[in-house]
């Protein structure tokens, strides 16, 4: 079975928080779809809390759209990684990593400004599959850590696994 692209990079060398352009694909009509690795935690060293990750999932995509979407960029989806060390963001267009990092930073500031749990979008039994599994406090802790550490840019060449 062929390796997925995410398993072709050396996770022991990944910095965090950091942005990595994981892939660019062309649609049949010629549009670019970019996939970004938004790494919140150093793999195998740290992990985002379950409730904090879930709450970020509800907040992050909307805030990133506010700061990154434009005439040439439209976010399709932002989803948490199963390992809980980050999120994958798929979008139409090819923004540079610095623009993505700036939008991510602004989105984390937005998370810190959410006044209370009732302000989390889609936090109800009709729109969320596990609506009891949220923590705004934990999401804010994750956001504050990102802001405190600063967001860097990953270099794919430095991360490439030898035989992948």
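Using N, Cα and C of the backbone, Cβ positions are placed for all residues, glycine too.
According to Swiss-Prot, the protein has these features:
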- 54, 58, 128: Fe cation binding site (BINDING)
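Annotation for residue 54 (Fe cation binding site): same-chain Cβ neighbours under 8 Å, separated by at least 6 residues, are 80, 130, 133, 134.
In the three-state DSSP assignment, the secondary structure recorded for residue 128 (Fe cation binding site) is coil. Take the mean position of the Cβ atoms of 54, 58, 128, the recorded Fe cation site; other residues of that chain with a Cβ within 8 Å of it are 55, 57, 120, 122, 123, 130, 131, 133, 134.
Under a cutoff of 8 A between CB atoms, and with a sequence separation of 6+ in the same chain, the neighbours of residue 58 (Fe cation binding site) are 120, 121, 122, 123, 128, 134. Residue 54 (Fe cation binding site) carries a helical DSSP state (H, G or I).
Every protein chain considered, the tally of other Cβ atoms within 10 Å of the Cβ of residue 128 (Fe cation binding site) stands at 17.
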